[in-house]
Each structure stands twice: as C-alpha cells, then as structure tokens.
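Okay, so here's the structure we're looking at.
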Amino acid sequence: MFNLFLAVFPEIFIINATFILLIHGVVFSTSKKDDYPPLVSNVGWLGLLSVLITLLLLAAGAPLLTIAHLFWNNFFRRDNFTYFCQILLLLSTAGTISMCFDFFEQERFDAFEFIVLILLSTCSMLFMISAYDLIAMYLAIELQSLCFYVLAASKRKSEFSTEAGLKYLILGAFSSGILLFGCSMIYGSTGATHFDQLAKILTGYEITGARSSGIFMGILFIAVGFLFKITAVPFHMWAPDIYEGSPTPVTAFLSIAPKISIFANILRVFIYGSYGATLQQIFFFCSIASMILGALAAMAQTKVKRLLAYSSIGHVGYICIGFSCGTIEGIQSLLIGLFIYALTTINAFAIVLALRQTRVKYIADLGALAKTNPILAITFSITMFSYAGIPPLAGFCSKFYLFFAALGCGAYFLASVGVVTSVIGCFYYIRLVKRMFFDTPRTWILYEPMDRNKSLLLAMTSSFITLFFLYPSPLFSVTHQMALSLYL
C-alpha cells in the first residue's frame, strides 16, 4: 500500500503545486503594498521547478511498481506504459515552459494564469494517460480541453489569438460531444465503463443483435473524437488556423502534449476486442490521408507556423502507421515515433520563438540567417533534416522503424505511401534550408542573442537528434517493454 501511495504521489504533488501557485499569484499580484508586481516569470520558474520535481518523483516511483495496479476506485491504472507516457508528457511540459520566459518579456505578457493553465492541463493529461474507465477518461479530456481553449486565446490584444480560441472552443466542444456520445452508446450496450469489463465483454462473450451494433457505433464515435483531437485527416481542418493564431508557446504545447495523452488513450481503449481489424482500417486510411495532405499542403505555405502545423498533421499520419499494424512491433514503433516527434518539435518551436524576437513570421524572412546567426541556422537545418527523415538523424530512425513495422505486418501499400510522402516532404524542409543559406533576404535582420533557457534547451534536443543513432538500443528496449505491458 505504501509503495502504491508513492507511485501515485507525483499526481498528488503537481495538483497541490498548481493550486499553491494559483493562490500565490492571486494574493501577490493584487498586493497594493508591493505595487501590483508582475508574477508571470516568478510563477513560471516555480512551475518549471514543480514539473521537474514531478518528473523526479515519477522516475523514483517507477522501480517500486513491478506489476500493474489499479487505484482510486479502479478508475486509474499504473503500469510501465503509464510511466513512459507520463515522463514524455512532463518532458514536453518542461520544454514548453522553459522556452516561455523570453516570450513573456518580448510580448510584455504578465498574466501568471498562463503558467497555471499549462500546469492544470498537464495534471489532466497525467490522469488521461492513467485513466482506466470511460468516465475518468472523458472528464480528464474535458479538463484538458477547457485549459487549451483559454490558452489559445490568452493573448487578448491579438485578434488572431481571440479567433483561435473561439474556433477551438466551438470545434473542440463538437468533438467532445462526439466522444461522449460514443461512450454513452458503449455504456448503453454493455452496462460497463471500466476497461477491464469492456475487454472481457468484447473478447470473452458472443455479442449479437442490437448490442453488437451499439458497441460498434460507440467505438466508431470514440475513434472519430480521438482522431479529431490528434488532428488526423479528415478531422484536421481546425489545426492550421488555431496553431497560427495561438501564442507560439501554446502552439508548441498543442503540437505535442495532447497527442501524447490521446495516443495513450487510443492504445488503452482499442487494444482489446473483436473490432480491432475495423479500427485498424480506419486508422489505415486516416494515416494515408494525413501523410498525403501533410506533404502536399505544406508545399504551398508561406508562414513558418502554418508549415509546422501541416508538418504536424503529416507526422500524425506516420505515427498512426504503428497502430494500423496491430502488432507489438507496431505499438513499439508508435511509441518510438511519438518520443522522437515530441523532442524534435520542442526543438523546432524553440527556434521559432528565437526568431520571433525579430518578428520573423514568413519563410522569406529567413533569408541569409546563416550569415546573421550561423549557429541558429545550423540547428534549424538539423531539425528540418530530422523531420524529413534524412539519415543518420533521429527522424530517420523513427520513420525507418515505422515503415519496418508496416512491412512486417504486410501493409506494403502503407509503407510505400509513407516513403513517397517522406520524399515529397523533403522538398519544403530543404527549401527552408536553402532559404537560410543561399537566398538574399528582402530586408536584412540583425538577430538578437537567445536567452540562456532556449540555448540550453536547443543544445539538449539538438544533441539528441544528432547523436541518437549512435546508441538507440535503450529507447528500443524501453518501448518494447511498454508495448508488452499493455497486454499484461
């Protein structure tokens, strides 16, 4: 029992830390004695410290739990897969917060609630990852979504940010309604919401008549809700506008964190049952459509953030290959792809934030970056080459393993489409590199030095992207264990 308490202590800690920071901000930001001080940087550092402590608590608690455990009225499950996804989520949150401080100064952004909302959404996604019941899963998704709606519109003086928040609210509410309808259909057909009970019903009993059709429709609606949340085609239409209009740190967070938690839920919900083949076909077609649209639509973009938005859609297609395979190797490749995508995207948006210091918005503004800031240009080039899947960078290892898993399960067409779209994607990634090194800018821009936080973040993520191929075995071994733990 004591070991189980230590295992769930990270969630307890970060929830308490979030509310303490909220009280701290409310009390001191309204203090007339202290002349109403701006607390966003102060709360930001404390929030980053809270995330890092939670990360250490997770790492310390992992060896204490040798088997899977259910806790809090069996609504949540703690196992190796949970640990992996939660650690990746906290790394992404820490990276997002660490790149925010210079943004606060440049934009004169002094709303400390920004950090509190990031922490609150992180809490909800930690619960999403460990959720083992449809009710717990849906409530965690809704808490996460409410935080994201406010974060997208947090830059109140920008009409683009306000528009992004409103669009996200309307479309997100629509997708949540679809998800809830699917959960209610499953409950109405089976009388169960717990994943263990659903697994027994779907695998151990004969389901006939109305119950069978009700379960199928419920799973279909849940799948649509999930695909909307991860911006898979054809449910992607909201992503480019919202990614572009939101503040850049929010865009970075939206590009990474929800995908980690939703893919964890996808594997939890759909790993069992007699409807796996149908779901694999749905993800098969969404994967192909996402890869094709992500590659072709990105070619026409002129803005950096919109290009990264379509690149994100394309990478969701690649990651969906892993689930489409329906094998242990497929799930392992999905986790590898998700891990490398998260760290590469943190790197890319940290560079975009560094460019924002001089209001770089369009791809054309990157002209001659190699002459004005060669280190930043080289780092951005490494990131783009990794996105394109050029060896020996980490992105190549990710795509190689995903395609290898597709070939292993006989999905030759899926692997072929992935290779072709990767080649097409090389065009717009290399176009960025060509713009930085060989083009003359419309106006010369003198880039300011980066702050220490982003420099350290870029150094760590760039080192991982560049040197991963030298020793990939630990990640391959860990992800294989995580994939196996889903079936235990």
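Glycine is no exception: its Cβ is also placed from the backbone N, Cα and C atoms.
Note that this is a predicted model, so its numbers are computed, not measured.
For reference, Swiss-Prot has these:
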type	residues	note
TRANSMEM	4-24	transmembrane segment
TRANSMEM	84-104	transmembrane segment
TRANSMEM	111-131	transmembrane segment
TRANSMEM	134-154	transmembrane segment
TRANSMEM	168-188	transmembrane segment
TRANSMEM	215-235	transmembrane segment
TRANSMEM	282-302	transmembrane segment
TRANSMEM	308-328	transmembrane segment
TRANSMEM	334-354	transmembrane segment
TRANSMEM	375-395	transmembrane segment
TRANSMEM	400-420	transmembrane segment
TRANSMEM	456-476	transmembrane segment
Next on the checklist: Taking contact to mean 3 or more CB pairs closer than 8 A (sequence separation of 6 or more), are the transmembrane segment (134-154) and the transmembrane segment (84-104) in contact?
Outcome noted: no
Next on the checklist: Check the transmembrane segment (282-302) against the transmembrane segment (334-354) for contact, please; criterion is three or more CB pairs under 8 Å, pairs 6 or more apart in sequence.
Outcome noted: no
Checklist entry - Does the transmembrane segment (400-420) reach the transmembrane segment (4-24), going by 3 or more CB pairs under 8 Å (6 or more apart in sequence)? => result no
Item to check | Residues of the parent chain within Cβ reach of the transmembrane segment (111-131), under 8 Å, 6 or more residues beyond its termini | outcome: 10-11, 14-15, 17-18, 21-22, 25, 29, 38-40, 42-44, 47, 50-51, 75-78, 82, 85-86, 89-90, 93, 96-97, 100, 137, 140-141, 143-144, 147-148, 150-151, 154, 253, 257-258, 260-262, 264-265, 268
Next on the checklist: Take the C-beta pairs under 8 A between the transmembrane segment (308-328) and each of 168-188, 215-235, 334-354. Which stretch has the highest count?
Outcome noted: 334-354
Checklist entry - In the same chain, which residue numbers or ranges, 6 or more beyond the ends of the transmembrane segment (334-354), come under 8 angstroms Cβ to Cβ? => result 84, 88, 91-92, 95-96, 99, 102-103, 248-249, 251-252, 255-256, 259-260, 263, 267, 304-305, 308, 312, 315, 318-323, 376, 379-380, 383, 386-387, 394-395, 397-399, 401-402, 447, 450, 454, 457-458, 461-462, 464-465, 468, 475-476, 479, 482-483
